[in-house]
Amino acid sequence: MNVHEFQAKQLFAQFGVPVLRGKEVKTPKAASQWAAKLNTPVYVVKAQIHAGGRGKAGGVKLVKEQSQVPEIAKELLGKVLVTHQTGPKGRKVRRLLVEEGANIAKELYLSLLVDRDTGWVVFIASTEGGMEIEEVAAKTPEKIIKEAIDPAVGYQGYNGRNIAFALGLQQIEPAVINPFVQMLGNLYRLFMEKNCALVEINPLVITKEKTLIALDGKVSFDDNGLFKHADVQKMRDLHEEEPLEIEAGKNNLNYVKLDGNIGCMVNGAGLAMATMDVIKLAGSEPANFLDVGGGATKETVAAGFRILLKDKNVKGIFINIFGGIVRCERIAHGVIEAAKEVKLKVPLVVRLQGTNAEEGRKLLVESGLKLDVADDLWEAAQKIVGMTGKAA
Ligand code: GDP
Ligand code: MN
């Protein structure tokens, strides 16, 4: 789960990571009232969407006059912001962060994440802050500094000093080395205590007053740890999530929306991945990943089928079930029930194998639904791709 910048900064403040005075507002009036309270030489108005690259896209505005704050707020609220991370559809701005400005002397990059190879939490830092870190990593990999934290001992002062000296803080601004080392310890605590998946500060700035400030903030959480953190759960913003994924979550379905046009309903993550591969191999693209799981009931299958049909990109559906724990006739019942409610206008290819496959196939064929049955995975994939056309 991701949260907004203003929420990331609330967590930073809680854990002793320095941020500027700021507040989330939803109306120009609230922006104006808060600006009056802030009463500062420079105001920063920032669009709150779950995507970076807002600066370049016009979602971060600096103004000197307090009276301009509500004007900027009016301009940004309701606007659809398109950044390199939102995709062409963009995201609607519903909230703003109004902050005091900072005097930036130097922008750094800092993040924490889990290294999948070692399972250790790793700090990533760079002197090239404010930029797209992927670009820095591709063009100048030597400017990316990594420091892994041994989970047996946790963060130690020397970890922070290693990073500080690798960044050259002794040349850039020695006064910030100690606060930097302390700040990294606080970030590590935040990461561990809240079960984070990513904490990113880009830019982390050194000000002309020789202080450190987290000017931006991105925090993602491990969904499996969310049940432990009621405070974090409250930060969820459903506007920022894919509606079909929210609906799938309510039905305990593992669904991820993708860009292709063949809707897939599969049981088991491994078979779901293999199905997506085979669709690609046959010349098309999957519209989603959907694992109905072992405990699938008629109801969850029906819910999954409805979700597939709600995706406007779906030009055909491929049901690929290997009945082990889940029985094939249950899947058939679910599909028939959902197809009765929603008029099925796209081709459907079904491959059922395993427990009660015969019975399931019979139910489907006798249901009067327009569908094709296949025994073999490759044959099934070619059939559905043949009916929907190859991807461009
Ligand atoms: P992003 O583009 O979505 O990553 O948004 P950021 O929060 O990183 O803001 C983009 C850029 O705006 C930063 O890299 C800064 O250069 C600039 N910026 C943000 N806040 C301030 C501020 O208080 N003062 C100044 N001078 N620049 C700021
Ligand atoms: Mn940023």
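In case you wondered, yes, glycine gets a Cβ from its N, Cα and C as well.
In TrEMBL, annotation is done automatically, which means it is predicted and not curated.
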ATP site partner of Gly53, Arg54, Gly55, Glu99, Ala102, Glu107 (as recorded in TrEMBL), chosen from Lys46, Lys92: Lys46
Substrate site partner of Gly324, Ile325, Val326 (as recorded in TrEMBL), chosen from Asn254, Asn261, Asn267: Asn267
Per-residue pLDDT averaged over the domain 'ATP-grasp' (9-230), given as an integer: 96
Inter-residue C-alpha distance, Asn202 (Mg(2+) binding site) and Lys46 (ATP binding site) (nearest angstrom): 14
Spatial separation of Asp216 (Mg(2+) binding site) from Glu107 (ATP binding site) - C-alpha basis, Å: 11
Which listed residue (Asn202, Asn267) has most other Cβ within 10 Å, given these are binding-site residues: Asn267
Cα separation, Asp216 (Mg(2+) binding site) to Ala102 (ATP binding site) (Å, whole number): 12
Asp216 (Mg(2+) binding site): tally of other CB atoms within 10 A of its CB: 22
